[in-house]
Each structure stands twice: as structure tokens, then as C-alpha cells.
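Under the heading domain 'ABC transmembrane type-2', TrEMBL lists 44-272. What TrEMBL records for 45-66, 78-102, 123-150, 156-182, 189-209, 246-266 is transmembrane segment.
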Amino acid sequence: MTSTTLTWESGTSCTQSRNALAWWCSDVWQMTLRNVRHVLRSPELVMFSLVQPVMFILLFTYVFGGAIDVGGERYAQFLLPGILVQMALYGSAAGTTIGVAAEMHEGLMDRFRSMPMSRTAVLLGRTLSEIFRNVGVAGVTVGVGLLVGFRFRGGLLPALAGLLLLLLFGYAVSWFAAYLGLSVRNPEAAQAVGGVWIFPFTLISSAFVPTGSMPGWLQAYAAHSPMTAAVNALRALFTGGPATSYVLQTVAWSVGLIAVFAPLAVRKYGSR
């Protein structure tokens, strides 16, 4: 009798666990689709996301490229990995920070909290939707890069590995951005905060110029910047150079950002 009872209780517990996991996955999927649809229904947002990398590639290649020495390499070959990482940061950081702050300000997050859904699903849906945006932006960026002279010299598999690494890094940054969006009072403040750190973060790196051309006190920061690690990893994978160290650094930074800011963001969301 006791054995039968224990077996029944164990089976019930497993069924409940599977049901809870299924509901959680459904919540995450629905919130992700909601955010993707929101982006697709904003043509001006889509247009800006696609035009921005084109503008940066053309501007840096044809206006600044001739004045920047990258060791005999074509500047387009040097530039594209930096633009890819920069665009992933812009989309993940600025988009998530402002989007989360706007939904908090409009009371939409309060409505989600009152519904029978996982709190983690709300933020997971927001951050996962940025992956879809970054895929589209990366496709356009690579297409324009090929037109101005960029080539994948390392082969297909390293190129795909580089793009997956780019999506991981952008996803990790989106958790930091979600925490920022939950920490400010309104979308205007989010816009200011989201833009303040991106420019120095991207410029003081190897994205646009070799770090050796910087003053010594800047080189120390740039050499250890996660932006530099990500850019150098993509650059090595795309050109066939030694990439292991840079890839491991980028993965470590990405995992660290998620491990720190995902719990902080979920806790912040629950306390607002």
C-alpha cells in the first residue's frame, strides 16, 4: 500500500514538473513572439536598424578608411567585425533599455505581473527577441561588407561560429540593458543612459582602429575590453587567424554578464 502510494505521488510530481516546464516554455515563446511582432510592426524602427550599419560601413570605409593604417590589410576586412559587434550592442543595449523602460512607464509590466505567467518569461522574451533583430542586422551588414570588399577567408564553419558568438555576446549585453531599463524612471532617461556608455565602449576598442595607435593609458583599457575581445574573436574567425584565446574571452564575458545581470534584472522586475 505504501509502495503504491509513493509510486503514485512520484508520478504525479513528475507530471506536475513537466506541466510547469511546458507552461514556462510557452510563456517565454509567447513573450518572444510578442516582442518580435512589435518590432516588425514598427517600420521606422526596422528601417533605422537596417540603415544604420550601411551608413557606418560606407562612412568609415570611404571617408576614414584611407587615413587608418591597419597593417596593409584592406580596411573593409578590418572594419566589418567591429561594425557587427557595434550593431549588436546598439540593438541589444539601446533597444532593450528603452523598450523595457517604456513598458514600465506605460504600466504594461504591471499588467504582465498581474497575469498568471512566469516573471522570468517577460524578460527572457524581451532579450531573446533581440537575437532575431541581430540576425537581420548582421545579414544586412555582411551583405554590404561583401560589396565593399570584405571576404570570409577562414571558411564557412569559422564564419558561422563567429556569427553565433556575435549573437551570444549581444544576448548577454541585452541582460545588462534590461537591468538598466528597469533601473531608470522613464524612457527619456533610458535613452540618455543607453547611449552614454555605448560610444566610449565601442570607440575605445579594436573595432575601428588598431589599439596600438592609442595612447598607452588607453591601450591598457582597450586591450582588456570585452568589446575588443569580441571584435578580435570575429576578426580571427573570419580571416583564419588564431582565435581560441579571443573566443574564450568573449564566451567568459558573455556568461559572466548573463550570470550577474539576469538574476539582478529579474529581481529588479519583481520589486518595481
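Every residue gets a Cβ built from N, Cα and C, even glycine.
Within the chain carrying the transmembrane segment (189-209), a Cβ under 8 angstroms from the stretch's Cβ atoms is held by residues 60, 64, 68, 70, 79, 81-83, 85-86, 89-90, 93-94, 97-98, 100-102, 177, 180-181, 218, 221-222, 225, 227-228, 231-232, 235, all 6 or more beyond its ends. Within the same chain, residues 35, 49, 52-53, 56-57, 60-61, 65, 70, 109, 123, 126-127, 130, 133-134, 137-138, 141-142, 145, 150, 162, 166-167, 169-171, 173-174, 176-178, 180-182, 184, 186-187, 189-191, 193-195, 197-198, 201-202, 205-208, 227, 230-232, 234-235, 238 sit at least 6 positions outside the transmembrane segment (78-102) and bring their C-beta atoms closer than 8 Å to a C-beta of that stretch. Proximity of distant same-chain residues to the transmembrane segment (45-66), defined by a Cβ-Cβ separation under 8 Å and at least 6 residues beyond the stretch ends, is recorded for 39, 75-76, 79-80, 83, 86-87, 90-91, 133, 136-137, 140-141, 144-145, 148-149, 208.
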